[in-house]
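Colleague: Pasting the feature list from TrEMBL:
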BINDING   T159, G175, S178  phosphoenolpyruvate binding site
Amino acid sequence: MEHGTREETSAAPGARPIAAVLAVKGLADAKTRLSPVVPADARRALVLAMMSDTITAARAAGVGDIVVVTPDPEVSATARRLGARVVADTPADAADPVTSSLNRALARGIDAAIGTDGARVVVLQADLPALRAPHLGAALVRADGHRQAIVPDRSGSGTAMLIVGDTSDITPRFGVGSARAHRDAGAVDLVADSGDLWPDLRTDVDTVDDLAAAMTLGVGRATAQVLADVGLGSLASTPTPHAS
Ligand SMILES: Nc1nc2c(ncn2[C@@H]2O[C@H](COP(=O)(O)OP(=O)(O)OP(=O)(O)O)[C@@H](O)[C@H]2O)c(=O)[nH]1
Ligand SMILES: C=C(OP(=O)(O)O)C(=O)O
């Protein structure tokens, strides 16, 4: 089945509406840890492609409202083409001495997202190129009723997704060790008892190893195209086609 298509939709009937927030920093500074294998121009294209595949999968999972927070005009244009709303992060976000610029940007996006229909909000990493709609849908169903919930990344220390059910507390705690920080703040870990659940949802791509892991799972169409263009098909030995 096609990656991230509407046919894969598995949003729960009757569940509260959910809006998604993604943050993407300026393309010139993005994904520096991939520089050993991805040249600068291709890194820019890869960031846009991974965001596109993430948004496509989120839409296929039934997420109607998608907010992208970014200071970057190219990211903004791509996000708008995909029907997302864009919120600009500002130099003031970067200058805040207490909260990281990422969390400032995300808080701004969450604020914008909860303006719509009293929706729950899911903060999704923007670099989930292997994300499959049924798994995101299942995670959203499992999170229903929790004040906050997380899906840790594949390393276990970061956060691939934060679901904010109680929008009176919207503090994101992304950054080094964020899975623990979110759990300590009361978020339920949705994969605590089943660490091998939803590997696609847990594979945000920061390092070359992450990229290879995502390729093994099978990446979405936009990411696959960029990787093919730069001849990176051999990073992972045998990409596995998606099971339905
Ligand atoms: N809008 C916004 N997004 C950010 C900011 N800082 C980080 N991000 C995004 O948050 C995610 C994690 O960021 P990082 O791990 O710091 O950066 P990265 O581009 O993924 O990778 P490296 O350059 O290799 O560290 C990425 O999707 C970034 O684009 C910020 O200040 N504003
Ligand atoms: C900011 C985070 O992720 P990354 O690994 O992309 O920096 C995080 O997991 O909290």
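Every residue gets a Cβ built from N, Cα and C, even glycine.
Remember, TrEMBL labels are computer predictions, not curated facts.
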Colleague: Given the phosphoenolpyruvate site residues T159, G175, S178, which other residues of that chain have a Cβ within 8 Å of the mean position of their Cβ atoms, reported in sequence order?
Modeller: G158, P172, R173, F174, V176, G177, A179, A181, H182
Colleague: Please list residues from the chain of S178 (phosphoenolpyruvate binding site) whose Cβ is under 8 angstroms from its Cβ, counting only those at least six apart in sequence.
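Modeller: Residues satisfying the criterion: S157, G158, T159.
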Colleague: Residues with Cβ closer than 8 Å to the Cβ of G175 (phosphoenolpyruvate binding site), same chain and 6+ apart in sequence?
Modeller: S100, L102, N103, A181
Colleague: Can you tell me whether DSSP puts T159 (phosphoenolpyruvate binding site) in helix, strand or coil?
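Modeller: In three-state terms, T159 (phosphoenolpyruvate binding site) counts as strand.
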Colleague: So, three-state DSSP: helix, strand or coil for G175 (phosphoenolpyruvate binding site)?
Modeller: coil
Colleague: Starting from the Cβ of T159 (phosphoenolpyruvate binding site), draw a 10 Å sphere and report how many other Cβ atoms land inside it.
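Modeller: Other Cβ atoms found within 10 Å: 26.
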